[in-house]
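Under the heading active site, nucleophile, Swiss-Prot lists 380, citing sequence analysis as support. Residues or ranges marked as active site in Swiss-Prot (evidence: sequence analysis): 506, 508. The feature UTP binding site is assigned by Swiss-Prot to 14, 188, 189, 190, 191, 192, 193, 224, with sequence analysis given as support. Feature annotation from Swiss-Prot assigns CTP binding site to 14, 149, 150, 151, 188, 189, 190, 191, 192, 193, 224; the stated evidence is sequence analysis. The feature ATP binding site is assigned by Swiss-Prot to 15, 16, 17, 18, 19, 20, 72, with sequence analysis given as support. Among the features that Swiss-Prot reports, L-glutamine binding site is placed at 55, 353, 381, 382, 383, 384, 404, 461, with the record citing sequence analysis. Taken from Swiss-Prot, the feature Mg(2+) binding site applies to 72, 142, supported by sequence analysis. Sequence annotations record features per position, and here Swiss-Prot assigns domain 'Glutamine amidotransferase type-1' to 294-533. According to Swiss-Prot, the feature region 'Amidoligase domain' maps to 1-268.
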């Protein structure tokens, strides 16, 4: 096997941070001059998370090739430089669909199709396909869910088989939670012992145990885990809850020397990772910054931060690059009093979304920003909000709307894209993935990007109606970015406003801590200027 494989499983509880751990490991290995690929295996039966409720699953992250994926792939992107595509994700739904399709085609020649060997073989095939596509030195495979869940069993069995065949090239990390009982004044290792016992019962013996805890674990506790989980002392690692930011995780793992331990066990003798640039940014996060802005994020899933995970992170990236602290204020567009809080903000961001709930509240937010000169950034649905508000209140088009919200609107300034109306299925049928966009010179977005040709990722069915584009321009709402292939409106800017920009794509999917997205940087710069001007009034 020409590549090494790291398997990451989780036990005791869900939401341990396996995705962040996998992303951090990818960064550390890349900084050792290794080429890394990543694969997320999710046990749920949905084909993808594209139609799942954000309250249940969080945001949907979209790759360049138009695949709707788990938000963990967003972590992979923000921490590392791995190439993410359809080969980087697989769900039980996809695996079963592939097997059933082959059965219908007669591939199995009349055999009884079973979880073992057919489903497990398909999972192994997915792993090999990812490696073949990316040709990595190391492939990191994260298995969603928790050891002990019924849904995870086929994936764990597939890993067991894979490890049997390629033992020298595989490394298994089991991540667990070590709780601290305040009443007893001590940490408890028993849940970790039982979790490892369950994993061993399946036939997987972990090569390392990564213990998450609220406080650092003593050497005595680590030795106890080592003894009862049958791994060497040196194979027990500890990560504590981060103090300031998730971006501290790679530094924490680096101090634990886990990547060095892994590479030595796999026979990959590389240089020590260089994280000097990362450390500089983390120091900024830890220390008071000279400037601060407050950004109002107006949406309908604001009670669940994971629903807008990439947006939150992109704002942080941009602010940090400008040596600026940021206070992100989630505002529910259905709250009758949210405008009072928005008035105190230095900028407003309306992210993507679907459906009529909270729609009118978002329009009132755009109106407030336009009239008060508050910087406004509309993403996907947020751009459509900007256009509808402008049509109603500047162009005097009474009851202008999107046909998504009102099929009978007299002024459909936002309408469904050609070809979408005939589609019956909802999953995977939108305009998805990266498309080119040509920017108009002399505009705010051109200034932000510093170039005229860009590529951005999309996830939408609706667009600005061609029939209203000239009217919009005549009234001061300029179309400053278009798709050269179809002429679709991708970016709008309002004249005579400090920064009122709407984009049909999702720039948050491209932002990283090291390289923040230029539009988010431009937005935070405008918010900083607004804040300074406001303080002098």
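Note: Cβ is positioned from N, Cα and C throughout, glycine not excepted.
Features as recorded by Swiss-Prot, highlighted on the structure.
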residue	record	DSSP (3 states)
16	ATP binding site	coil
190	UTP binding site	helix
224	UTP binding site	helix
381	L-glutamine binding site	helix
506	active site	coil
Compared by Cα position, which of the binding-site residues 189, 190, 193 is the closest one to residue 142 (Mg(2+) binding site)?
193
How far apart, in angstrom, are the most distant Cα atoms among the ATP-binding residues 15, 16, 17, 18, 19, 20, 72?
12
Which Cβ among the recorded positions (72, 142, 404, 508) has the fewest C-beta neighbours inside 10 Å?
404
Please compare the binding-site residues 16, 150 by how many other CB atoms fall within 10 Å of each one's CB, and tell me which has the fewest.
150
Look up residue 461 (L-glutamine binding site) in the DSSP assignment and reduce it to helix, strand or coil.
coil
What is the number of other Cβ atoms found within 10 Å of the Cβ of residue 192 (UTP binding site)?
28
Looking at the recorded positions 189, 382, 461, 506, 508, which has the shortest Cα distance to residue 20 (ATP binding site)?
508
Please work out the number of neighbouring Cβ atoms within 10 Å of the Cβ of residue 17 (ATP binding site), leaving out its own Cβ.
21
Measuring Cα to Cα, how many Å separate residue 461 (L-glutamine binding site) from the residue listed as 'active site, nucleophile'?
10
With DSSP assignments reduced to helix, strand and coil, which class does residue 404 (L-glutamine binding site) get?
coil
